[in-house]
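Annotated features, as they stand in Swiss-Prot:
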BINDING   177, 178, 179, 180, 181, 182, 183, 184  ATP binding site
SITE      370  site 'Required for activity'
């Protein structure tokens, strides 16, 4: 007897109808549409792709070889792509795929203490990065209504800057100067000084040699600041596309922390290499060159990056992003295209003079050509009373110094003013990796302005500054509290500092003991 003999015709019909219903209501496979293009040209760092008519500007593409690229030029039947990997891996006729995404990088506290590339991939030996999320590198700058006034100082630990060219949290202050004038050293010392605060740091090296980046990492390790820093490196040996996107990636990481209410310091070292990378890519893509062969939108490229910095309101986290972009000049030419662009975008500049370098004046900050347009409002009131007299004293000294070169006979008053100015300028010298607290800066500058260093030579002034710094830390707790409370310095406080410095320097007045 067959099994079918036990199934009635009615049951069979019911089962058959149920099977048909399941087919009609079940999921049916749908075709997957994949848009592809073809590589028609390859150059160093760029590729030309045909097809992909629906690709969007700044969209991330993937080549069949695994290399990624970004759409930079959109033309009928032709896409200009900047490569984020070695162009040697790409060949003519290779297939290119759309991702319908933009370039994104990991964000979060897991990046602190790590060395990464422009895509957020680890370059150290600490293993993979467990990031919280990925954010696109391009973002709209916060509106005016989402910003607040810059009202808090960023302490660099450098006397010449904190006293005369103060920087505020949320400010964009340009560091500008020729090669080998100490631009990166100022950036490193500023990061190291944040060990006294809660500011997080991001160092973005664009076009720097590997040994230069290694020195920065070593300095941060020695200063116990690496665990609160992110070091991003996009060297000259890598694809120029990575150098182009690196500052935007660093800013995206900073925006994550500022949205959590934290203060972030971002160093772009340096924007000259960034501009050159963008010029190289633009020329290879046959974009019309402009002044100094830079493309016409180079100002916008830098402005849209730096406008993302600022002091933000509580509605978007209440944090801040302070940027210190570095730019290199040629023979002190401040009127070159990229330097003038960045000077007009930023809130001030710290100019490092080659003439001061030749005089062994480090940091070689030229106070006459340096300015902070908003930082003075955020400067500590205790230091504010010193900064005005400091600038006047140095400017008068430089005028007299030029006059004295003619060999004119000088009277006693002029010689005294020259001695005072020379002592004050020497007092502004500061060794690398030796950041000073606000109290130490105040004590040293007041001692110099009051003429306590006038009779010393350069070596003795260095020793005298160390004595004054130590004495201030031990005896001026009241003044330190005034600095913390952001109070104005009183006459009695000024006298207290002078007396403390005089007592510390009295060791130079003691006769040497004769030990036989």
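In case you wondered, yes, glycine gets a Cβ from its N, Cα and C as well.
Structure coloured by features recorded in Swiss-Prot.
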residue : record                       : CB count, 10 Å
177     : ATP binding site             : 28
178     : ATP binding site             : 17
179     : ATP binding site             : 9
180     : ATP binding site             : 10
181     : ATP binding site             : 25
182     : ATP binding site             : 20
183     : ATP binding site             : 24
184     : ATP binding site             : 21
370     : site 'Required for activity' : 21
Alpha-carbon distance [residue 370 (site 'Required for activity'); residue 181 (ATP binding site)] in Å:
15
Which of the three DSSP-derived classes (helix, strand, coil) applies to residue 177 (ATP binding site)?
strand
Indicate whether residue 184 (ATP binding site) is helix, strand or coil by DSSP.
helix
Round to a whole number and give the Cα-to-Cα distance in Å for the pair residue 177 (ATP binding site) and residue 370 (site 'Required for activity').
11
Whole-number Å only: compute the distance from the Cα of residue 184 (ATP binding site) to the Cα of residue 370 (site 'Required for activity').
17
What Cα-Cα separation, expressed in whole Å, is found between residue 180 (ATP binding site) and residue 370 (site 'Required for activity')?
18
